[in-house]
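Visitor: Sharing a structure below in C-alpha cells format, with a few things to ask.
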Amino acid sequence: MASVTRAVFGDLPSGAGTVEKFQLQSDLLKVDIISWGCTIMALEVKDRQGKASDVVLGFADLEGYLQKQPYFGAVVGRVANRIAKGTFTLDGKEYKLAINNGPNSLHGGVRGFDKVLWTPRMLSNGVQFSRVSPDGEEGYPGELKVWVTYMLDGGELMINYRAQASRTTPVNLTNHSYFNLAGQGSPNIYDHEVIIEADAFLPVDETLIPTGEVAPVQGTAFDLRKPVELGKHLQDFHLNGFDHNFCLKGSKEKHFCAWVRHAGSGRLLEVYTTQPGVQFYTGNFLDGALKGKGGAVYPKHSGFCLETQNWPDAVNQPHFPPVLLRPGEEYDHTTWFKFSVA
C-alpha cells in the first residue's frame, strides 16, 4: 500500500497559479512530484543498510525549476527528443517548430510540457495530472488532451501517459529524471553497472539527429546486453558519454528495458516499458553550474537518464515506429521504475 499527501510547493510569478507537491510513500520508496511539469523532484530509496537516500537530481524550491535547467525530473512533450531542423510535413502541410537545440527542436519547444502547470487529481496510491495543449501550441497541430498518472506500489513507480488529439499530430511523451543510485550529489555515475536490452541502436549525426540507420549493437560500444561498469566502459571505448536511442522489442506489451546497479549501496533499478525505444543519456551536458538539493552541484556524468520513448525524429523518418496520433485514437504508454536492493 502507498499513502499520498498534498501540500503547497510555491506560487508562480505574477499570479500564474500555485504549484502543489504530492508525496507518494510506500514501505520501500518515497516520491515527491510537483504539478509544474509533472516533475519528480525527489525519490528516496533505501540502501542495503536500510539508509534512505534521494536518488534523483533536482532542486529544493520552485525557483530552481523555473530557471533555465536541463529538464530535471520533468515530463517532456508534445514530442520528446529531437526533430530535425524543427520541421515536419503532415498531409502536405509543413509545420515549423521552435529551434531550441542547435539547428533542431528539442523536447516540445521553448515552452514544452515541462514548463506548464498541470491540474492534479489525487488517487489512493498516486496522482494524476492533466492538461489541454491548445491547437498550435509550440507549432504543433490540433488540440491535445493529456493525462499523466504516477502510481506507487512497494518498490515500483509506474508512469502512465495518455493523450487524445483533435487533429493528427506527432506525440511522444517521456519523463526526464536524472538518477544517481549512490545518492544525488554524488560526483559521478562511473561506478554504476548498466544493462540495456537492445539488439540495435540509432547512430546520430553531429547535431544528435538519427542518421536513419538502425545499427546492430554487436561488437560496438553500444552493446550493453551484459552488465558493463560505466566509467570503465566509457574509457575503454573513448566515449564522451551516451546520448542515444536504443531500439527495444517492438511489442506494445510491457517488456524489460534496462537494469542499473550501484554495487556500493546495493541499490538496483529495473526499467520496464511499452515503448519501442529508450534514450540512454549520461548527463554529458551537465557542467556543475546549477545548485541542486542540499547544496549539491551536478558536474558532467553525475546522473543518468533512461527516457523511454518513441525513436527521435520519427516524424521525419518513415521507417521508424509510427509517432502520429489521429483523432479517435488514444496514445497510451506505460513505464515502470522498479527499485530494490541486491
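Here the Cβ of each residue, glycine as well, is placed from N, Cα and C on the backbone.
So TrEMBL lists these for the protein:
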ACT_SITE  His176  active site, proton donor
ACT_SITE  Glu307  active site, proton acceptor
BINDING   Asn81, Arg82, His176, Ser177, Tyr178, Asp243  beta-D-galactose binding site
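Help me picture where these features are in the structure shown.
Guide: If you take the C-beta of His176 (active site, proton donor) and look for same-chain residues 6 or more apart in sequence within under 8 angstroms, you find Pro70, Tyr71, Phe72, Gly73, Ala74, Val75, Val76, Ala80, His107, Asp114, Cys305, Glu307.
Using a 10 Å radius centred on the Cβ of Glu307 (active site, proton acceptor) and all shown protein chains, the other Cβ atoms total 23.
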